[in-house]
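Okay, so here's the structure we're looking at.
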Amino acid sequence: MSQVYSVAVVVGSLRKESYNRKVARALSELAPSSLALKIVEIGDLPLYNEDIEAEAPPETWKRFRDEIRRSDAVLFVTPEYNRSVPGCLKNAIDVGSRPYGQSAWSGKPTAVVSVSPGAIGGFGANHAVRQSLVFLDMPCMQMPEAYLGGAASLFEDSGKLNDKTRPFLQAFVDRFASWVKLNRAV
């Protein structure tokens, strides 16, 4: 029996029907049997504050960190707000990285998908997330890069991926499965 890797999917949009959440769901459906993708919610995480960490960390922080620690890999799916990372995603990254020296992210293979209505597909957010991941010691898949622009055009009226988008995301998630296997062995 082959290894099944658990992948925490962190979506940087809080909207229930955001394009990013739709792409995350589609990736879950397209994932090969070696990956089990699960969206980890970030909307209930209080803003990170080291004073609170020292006094009594919120249960939501503990639960989030535990979910990340239990995962074998992490997939970030993010929109772009003002050419950068949405505040909720940056907060989740910060919460998972603390207390200092006890990061839940360390060593976890990762990849970033950015989804935007704009033409450049969230390029700024994608790279801002990657910059944090380098510091957090997360081996990040470099290719294929995933900048999905024109988000409304990625889906059919039914909400499913269209025939133009599906092959790219299939290739992406297949490559990510190989990346996870390669980097979890290290």
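The backbone N, Cα and C atoms fix where each Cβ goes, glycine too.
Keep in mind that what you see is a predicted model, and the values were worked out from it rather than measured.
Positions annotated as FMN binding site by Swiss-Prot: Ser13, Leu14, Arg15, Lys16, Glu17, Ser18, Tyr19, Asn20, Glu80, Tyr81, Asn82, Arg83, Ser116. Taking a C-beta cut-off of under 8 angstroms and a sequence separation of 6 or more, Ser116 (FMN binding site) has the following same-chain neighbours: Tyr19, Pro79, Glu80, Gly122, Ala125, Tyr147, Leu148, Gly149, Ala151.
Ranking the binding-site residues Glu17, Glu80 by how many other Cβ atoms lie within 10 angstroms of each Cβ puts Glu17 at the bottom.
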